[in-house]
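Taking it in order: structure first as structure tokens, then the write-up.
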Amino acid sequence: MRLVIRNDADTVADYIAEYIKERINQFKPTAERPFVIGLPTGSSPIGVYKRLVRLCNEGKLSFKNVVSFNMDEYVGLPRDHPESYHSFMWNHLFKHIDIPPENVNILNGNAEDLQAECERYESKIQSYGGIELFMGGIGPDGHIAFNEPGSSLQSRTRVKTLAYETIIANARFFGGDVSKVPKLALTVGVGTVMDAREVVVIITGANKAIALAKCIEEGVNHMWTVSAIQTHPRSLVVCDDDATLELHVKTVRYFKSIEQVQDEMIGRENLGLYGQVAGPLKYKNIPSGN
Amino acid sequence: MESSSGSITQFYNCLVLKDHNLVKDYLYVQDGKIIDPAKMFWEEKRTPDVRIDCKGGIVAPGYIDVQINGAFGYDFSNDTDIIEEAVENISKGLLLQGCTAYCPTTVSSRPEVYHKVLPHLGPRKGSIENGAAVLGAHIEGPFISPQKKGAHELATLRTAKNGLSDFDECYGLENLRKYAAYVTMAPEVEGITDTISALIKETGISIASGHSNATTAQADEAFKKGANMITHLFNAMHPFHQRDPGIIGLLGASDSRPFYGIICDGIHVHPHSVMIAYYAHPNGACLVTDAMSAQSLPDGFYKLGEMDVDVHGGHVYIKGTNTIAGSIATLAECVRKFIKFTGASKVEALENATLHPAQMLGISDKKGTLTHGADADILILNQDLDVQRVFIAGVEATSNNVRFKQKL
């Protein structure tokens, strides 16, 4: 797992947007071989979406050959409800970019047979050969998608009952009325996210600090479902300084030092996207001394 | 799931007038209507076929003028023999100015004039071929006050002591039903207030109070009976007096208040009076030009109804008098002047020429709005509210595809 620490939410969004742009462009997607991306909703990704839109308008990025799968959707909320995740994705991303509508996948929370809808979703992901990069945010309780604490780390796409805390937290989007918040959602499972060839998680703000510490400093635990990324072969967590408040100083310094050492000794220009050294390992400044 | 075939146009790089705000957004049009783009994307799996760069401008509904007597040399009350030609050329000329819908207005006339012209002033769709949409006639008079006749001809004025039959005799009730949007009358004229309810019920038209010496009590009674508009506020009415503010007093009511037309050309109404009206009832303002045949023509002598008028330096007078007789303003000018006079926001000024007149006529689901399903009558304006581009029923109107002539 890589942990990249930036000063604030804006620079975190800069980093991730740039990263995703590079990943898509280096992938050189075509209609036959599209780049398959998993996408979240919520407050964390808004800044990233803004930047992806800007990159798209500047002609530096195209979603023409990108296929997207969203993480989750409420059950029973009309598609055109302002708080539906369809509306969220339309307003923050899809209406601004060149993604073909047929490439966009979001779970249908109004399907007659919800179970069948979840199975259809999983097999559609499989039909594209799986997800190349899954981007996610987390809740203060460390949940990824609607995989609330206690969710199986092997879980697949399914109907999920929302935790009481999530309902209270989301009431602000429904006029402060807890009774109006949908109690069920369809969500990809932790297993579905972890099957992606790469997982990128955005964690910003002091209110996510405990979750970040639980997820990366303690064991893999279904009460903090994002902790599953510890066993993922290619995962990246990008957080801001505020989110590191509950981490050990040692942890923060270690991950900061990785970037620092790379910068000083190898040079950022010699590093690949995953932090690997591109080409033969050459030191930029060999420490002198006898 | 219904699917559609028509080409979809997206307006981008613009501020869209939406929900009483200017919002950085897009606007989508298909088959002459404004469409819901989320439905297009999620259900029809479609993206826009044509994109229009608005260059950072404002996208607003087309202007609606509910009081205009003529323009480009034509006059709805005077050109009775060539009335179709008048409607055609005025509709096209107004369209190019950014006025996409209007009520052709007649001054007080003899019955034979109404029977002759009204059938040509009825509702007509807006299009490149037709020009601006016609919303039905605004019939001003002749049931108005002799004391407040303004530029109307005294000999034509009438009373309604026999009730509905007087209206039938004057206009023809069938003509009102089919061709009129609203009628301006004076509540204090004999028989009027007692007949308002029946007239509305019988014909479905709307009623405005105007050219009237009504006291506030009389105006209020007419309002309660259904006369829910005021014609050119301040002009041709009982002036404001502290113990009896006349029709103007309706703007000070604490419950419901009528819509009011106001001629914001800087001549008919003092800028401070515009400000007072705006403060009193901002959501009721409807900017009207009250333009006459010389609008867009050079200074000189013209006809208003059957009267000769003298047009010079932006003023219109009945020949040889100092009675003002209509304006030569465009609605686009009135919108800009409204901001200058009141300091109102662009949104408020634009809504005074779009949403409010549409609400006044009960057509705000189709006109004066950019809501989904409304007619795609659209203006692109710059930040100074100069009209840059005009679209009617989703098609751009230019001097190449909309040709009209002036009558000199």
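Residue 1 is the first one shown; counting continues down the chain.
Cβ atoms here come from the backbone N, Cα and C positions, even for glycine.
Note that TrEMBL annotation is computational and uncurated.
For the Zn(2+) site, TrEMBL records B:E140, B:H232, and the single candidate of B:H120, B:H211, B:H241 listed with them is B:H211. B:N235 (substrate binding site) sits 8 Å from B:H211 (Zn(2+) binding site), taking the C-alpha atoms as the reference points. Cα-Cα distances to B:D290 (active site, proton donor/acceptor) place B:A325 within 10 Å, out of the binding-site residues B:E140, B:H211, B:A236, B:I324, B:A325. Taking the Cα atom of each, B:E140 (Zn(2+) binding site) and B:A151 (substrate binding site) are about 11 angstrom apart. Taking the Cβ of B:H211 (Zn(2+) binding site) as reference, residues of its chain lying under 8 Å away and at least six apart in sequence are, in sequence order, B:E140, B:G141, B:I144, B:S145, B:K148, B:K149, B:G150, B:H152, B:T184, B:M185, B:A186, B:T231, B:A236, B:M237. Same-chain residues with CB within 8 A of the center of the B:E140, B:H211, B:H232 CB atoms, the Zn(2+) site residues themselves not counted, are B:Q67, B:G141, B:I144, B:G150, B:H152, B:T184, B:A208, B:G210, B:T231, B:N235, B:A236, B:D290. In sequence order, B:Q67, B:G210, B:G261, B:I262, B:I263, B:H268, B:V288, B:D290 are the residues near B:H232 (Zn(2+) binding site), counting only same-chain partners six or more apart with C-beta under 8 A. Most Cβ neighbours within 10 Å, among the binding-site residues B:R243, B:H268: B:H268 holds that distinction in the structure as shown.
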